[in-house]
Amino acid sequence: MASCFCNKVDVTEGTHGTSSSDDALVSSQDPRHPANLICTLCKMFYYNNWVTGTGGGISIKHSKTGHIYIAPSGVQKEQLKPADMFVMDPASGSYLRTPQLYKPSACTPLFMSCYKQRDAGAVIHTHSQHAVMCSLIFDKELRIANIEQIKAIPSGKKDAKTGKDINLSFFDTLVIPIIDNTAHEEDLTEGLQEALQKYPNTTAVIVRRHGIYVWGPSVDKAKVYNEAIDYLMEVAWKMHQLGIPPDCGIGEEKKYL
C-alpha cells in the first residue's frame, strides 16, 4: 500500500491577511508567471466546461524557485485573480502565502503526490464530462488504441541516445487507470498514489463519477496532455455508444457496426 503524503501538507484554512512580501510572490507582469497563468488557464478550462461551479483545480510549480502555486477552493474559476493564489514550500509542506478570504484546495494532497511521485511541473484537475462518462463505462482502466491523437501522450520511455521523452505511437494503446471516488477529495490521495505506483507510465488518473487528474513535466505539457486525453475520452465514449471497443484493431470496427 502506498504511503500517504497528505499528512505532510498543511491544508488548514487561512485566517490572516497577506503582507507586501507575501504579495510579491504573486505579483508579476510576466503572463507566464504561475499566479497569472493559473488564472488564464482556469478561464480557458471554464469555457471548455471542465471547471464549472467552482469545481476542479490547477497547480503549477515555479520553474526557478520551486514554489508550488495552487488555485483556492470554492472559487469560480473564471473569476480568479493572481492575489487569490496559495503558495507552498514543497520541502516543508507549509504555506508561504495564504489569501485571507479563501480555503486551500482540497486537491492539494493529490497535487503534492504528483509532484513527489512524478516530479511534475504542473497538475490539472477537471470535472470533465468525458472523464465521468468513461468512468461509468469502463471498470479499472480506459484503453484506447489506433487513434491519431494518442501520439500527443508520453509513453513513459526515453530515447536511449538523446534522453528525450518518447511519445506513444499511433499503433500503441493508451491505458489510463480509473479509481473510485470518495466522499472527500483529500481521501482520494491513497488511491491516486497506488495508481501512480501500479501504472508508472501513466500521465493521468480518472476518478469515477468525478473527473480526472493530469500532470506533466511543465504546465505546457500538462495542458497538451489534458486536451489530448479529453479528446480521446470523448472518442472512447462515442465508440462505446456504437458498440466498438476503443482498443480494437484497425479494421475490426467493421464487425461491430
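Even glycines carry a Cβ here, placed using N, Cα and C.
Within the same chain, residues at least 6 positions away in sequence whose Cβ sits under 8 Å from that of CYS107 (substrate binding site) are GLY57, SER59, ILE70, VAL123, HIS125, GLU185. The substrate binding site annotation in Swiss-Prot covers CYS107.
In sequence order, HIS127, ALA131, VAL132, SER135, ASN181 are the residues near HIS210 (Zn(2+) binding site), counting only same-chain partners six or more apart with C-beta under 8 A. Look at Swiss-Prot and you will find HIS125, HIS127, HIS210 tagged as Zn(2+) binding site.
Mapped onto three states, the DSSP output places GLU148 (active site, proton donor/acceptor) in helix. Annotated active site, proton donor/acceptor per Swiss-Prot: GLU148, in sequence order.
Of the chain residues outside the Zn(2+) site list HIS125, HIS127, HIS210, GLY55, GLY56, THR126, SER128, ALA131, VAL207, GLY211, ILE212, TYR213 have their Cβ within 8 Å of the site's Cβ mean position. Its Cβ taken as reference, GLU148 (active site, proton donor/acceptor) is surrounded by 9 other Cβ atoms within 10 Å in the chains shown.
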